[in-house]
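First the structure, in the form of structure tokens, and then the observations on it.
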Amino acid sequence: MAKRDYYEVLGVSKGASADEIKKGFRTKAKELHPDRNADNPEAESQFKEANEAYDVLKDADKKAAYDRFGHAAFDGGMAGGPRGGGGQGQGDFASAFSDVFEDLFGDFMGGQRGRPGGARTQATRGSDLRYNLSITLEDAYNGLSKQITVPSSVACSSCDGTGSEAGAEPTSCPTCSGMGKVRAQQGFFTVERTCPTCNGMGQIVKNPCRTCGGAGRQEKDRALSVNIPAGVETGTRIRLSGEGEAGLRGGPAGDLYIFVEVQDHALFQRDGMDLFCRVPVSMVSAALGGEIEVPSIDGGRSRVRVPEGSQSGRQMRLRGKGMPALRGPGLGEMYIELMVETPVNLTGDQAELLRQFEESCKKTNNPNASGFFDKVKSFWDKVRD
């Protein structure tokens, strides 16, 4: 059966660049990988076909020969061809896939291939830590400096983080030759695993520190001072560089991340930089108008005029009475929402006065109620018809 055009196999044009050819192969490799196509018997042959095409097109000399002579350049019929006949062997097939193996799976494998000369050092960076800090809304408005206690691993005081007793030197791991990983060939794939002897460190401590057992660090609570800027909100993350766990055997420390949680407030609800406050007003004040006093987050008070005829839910804005910006100048707004309170626990005289008031009211005194009942009457009339 005639071979397919290599460019067609990879789904690229004949004028494709090296990056486009590599991208085309990566796409095909993911699509046709046997592990993803167990129920497709043709996938394996197509997978090999894609590898064969990439092995030629990735190489400038082979690509030039293919562009000039086609498949004849590699079938043994062209004297002086780049392969000299004989077809492609398994070594080239594995090599072709190896070129993009790290692109496909590099992040999963930790980004290290364990090539010769790439031996790992025993020093390993410490882990990052998370600390959840709960503060009040007032703290978020003003900002504060707070002392916290963080349980973490710190450099061992006995061995200064080396993991070895004084004067003892670690030796290269005999299992992985200092690589920290061992490799195993599985078909066309080379699989890397953490060395079971040194746990990926690449070195073995023959005379470990008695205090830390060779880890180079020990558990200890640390007191830290954290500066919380004004304007933070729930979810704000503050990074303290080098305040995480100590590194293994002299490695650099990780970072500490403070995650802020702002507590709910009894008076204010927050939306970004804006604050909302629901304020009850009497029925008389809402009807006749007047002034009310409202609190502000800075501890002060503000006088607010209630317009005549105000209804429940009416909002009024106080400029500059909200939360500060986390970065840069500026303050948000505070919105006052009126809640008209219906009187309760009335005396007989009070109830009678309200009845007299009700009898004296006209439709214009209660436009919403009048309009609503007019709509109800119209609805019932239509239902009867």
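The count begins at 1 with the first shown residue.
Just so it is clear, glycine is given a Cβ too, placed from its N, Cα and C backbone atoms.
Per Swiss-Prot, these features apply:
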DOMAIN    5-70  domain 'J'
ZN_FING   143-221  zinc finger
REPEAT    156-163  repeat 'CXXCXGXG motif'
BINDING   C156, C159, C209, C212  Zn(2+) 1 binding site
REPEAT    173-180  repeat 'CXXCXGXG motif'
BINDING   C173, C176, C195, C198  Zn(2+) 2 binding site
REPEAT    195-202  repeat 'CXXCXGXG motif'
REPEAT    209-216  repeat 'CXXCXGXG motif'
Expressed in Å to no decimal places, the gap between the Cα atoms of C209 (Zn(2+) 1 binding site) and C195 (Zn(2+) 2 binding site) is 22
The DSSP breakdown of the zinc finger (143-221) into helix, strand and coil residues is 0 helix, 35 strand, 44 coil
- Can you find at least 3 Cβ pairs under 8 Å between the repeat 'CXXCXGXG motif' (209-216) and the repeat 'CXXCXGXG motif' (156-163), where each pair is 6 or more residues apart in sequence? yes
Cβ-Cβ distance under 8 Å, sequence separation of 6 or more, same chain as C156 (Zn(2+) 1 binding site); the residues meeting this, in order, are G163, C209, T211, C212, A215, G216, R217, Q218
Same-chain, non-site residues whose Cβ lies within 8 A of the C156, C159, C209, C212 Cβ center for Zn(2+) 1 are S157, S158, D160, G161, T162, G163, S164, P208, R210, T211, G213, G214, A215, G216, R217, Q218
Averaging the pLDDT values of the repeat 'CXXCXGXG motif' (209-216) gives 77
Across every protein chain in view, the count of C-beta atoms other than its own within 10 A of the C-beta of C176 (Zn(2+) 2 binding site) is 24
